[in-house]
Amino acid sequence: MNNALMLAGIVILCFTLIPLIRHDHWTFRVFDYPRLQKLVLTLAWIGVYLAMGIPSETTVAVMAVLMSINAIYLFYLIFPFTILATKQVQKATLNDQDNSISILISNVYEDNDNIAGCLNVVNRCNADLVLLLETNDKWAAGTQTLDDTYPHQVKVPLNNTYGMLLFSKYPLHNATVRCLVEEDIPSIRCLVELPSRKKVQVYAVHPTPPVPNENPRSTERDKELLIIAEEASKTKLPVLVMGDLNDVAWSYTTTLFLKISGLLDPRRGRGFFNTFHAHYPFLRFPLDHAFISPHFKLKTIRKEDNFDSDHFPIFAQLQYERNADEEQEDAVLEADADDRETAAEKRHADT
């Protein structure tokens, strides 16, 4: 039993240590995802150790110390996303509808035929801005009924699981579809005009994940995200970056993205809001994101009902407030010289 306990401990520790290696290959980056799962396994290991009556073997005792350190380290990493932590985005106290915008993000799963279920979620949420991902021609045709409610659209249906459909109740300006890194992986950049006539810079993104059947490296994903981060940092307008980033909220790259862009994560201090995988509760990660500039405060954020996709939709309602950026400036994650150097290297990486 001691040998089995030692082996399990070594495996769990390796799962924690591997992501510390800053290599873009998927075998390193994929272990960024399951931090909560690693914490659960670590606590389970400690529970078994205690249930065994604390074995006297020195090697097992040393492993118990290492596992305790591992538990503390993992909890430290996920703590900012628990309700115990300080909220990075303050709760909105104003109710200014002319400066409010609600958004719905949903990766529909391209092979999913339950378009009616998707439409039910969209109609019930009644969001001002809707982004549907993994949308092909079938999904573009099936969601045409939304055109009356959402008269402003940017539609990029593709059959490679990277199509996107953007629907808006509010006017869209300077809408462009760009393939920033890979020629068949689009992103959308546009300005959304609120009823107050205030304009918001919006980016809709869905880069490839670092998994064997998609892309063996995270290089392309990281490059696209950090190009957008650099752009976002240079605009004086309120900014919203939304989509399936194929990266977890607590990863090194996502944290670097926040530091470079100056954007905030409304989940910090509110919960994980795990959106993928909808069908496997123990293997769920926060992959679908809405990052916002400090100009916004948060009215609400929640997961929506699944409609046979492998992702849960996520809904958020944001409130633009004139002095919010000053009130929330201390919440912005600061980038140091090393962060900026790393970001520059990733933006200019060969792909």
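Cβ atoms here come from the backbone N, Cα and C positions, even for glycine.
Note that the coordinates shown come from a computational prediction; the quantities given were computed from them, not determined experimentally.
Features as listed in TrEMBL:
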- 6-24: transmembrane segment (TRANSMEM)
- 36-54: transmembrane segment (TRANSMEM)
- 60-85: transmembrane segment (TRANSMEM)
- 107-311: domain 'Endonuclease/exonuclease/phosphatase' (DOMAIN)
- 325-339: compositional bias 'Acidic residues' (COMPBIAS)
- 325-351: region 'Disordered' (REGION)
- 340-351: compositional bias 'Basic and acidic residues' (COMPBIAS)
Key: Intrachain neighbours beyond the compositional bias 'Acidic residues' (325-339), with Cβ under 8 angstroms and 6 or more residues off its ends   = 88-90, 255-256, 258-260, 262, 264, 293-295, 297
Ask   = Who are the long-range neighbours of the transmembrane segment (60-85) in its own chain, taking Cβ under 8 Å and residues 6 or more past its ends?
value = 2, 5-6, 9-10, 12-13, 16, 35-36, 38-39, 42-43, 45-46, 49, 54, 249-250, 267-272, 286
Taken over the domain 'Endonuclease/exonuclease/phosphatase' (107-311), the model's mean pLDDT = 97
Inquiry  = For the compositional bias 'Basic and acidic residues' (340-351), how many residues does DSSP put in helix, in strand and in coil?
reply    = 8 helix, 0 strand, 4 coil
Query = Per DSSP, how many helix, strand and coil residues does the compositional bias 'Acidic residues' (325-339) have?
reply = 9 helix, 0 strand, 6 coil
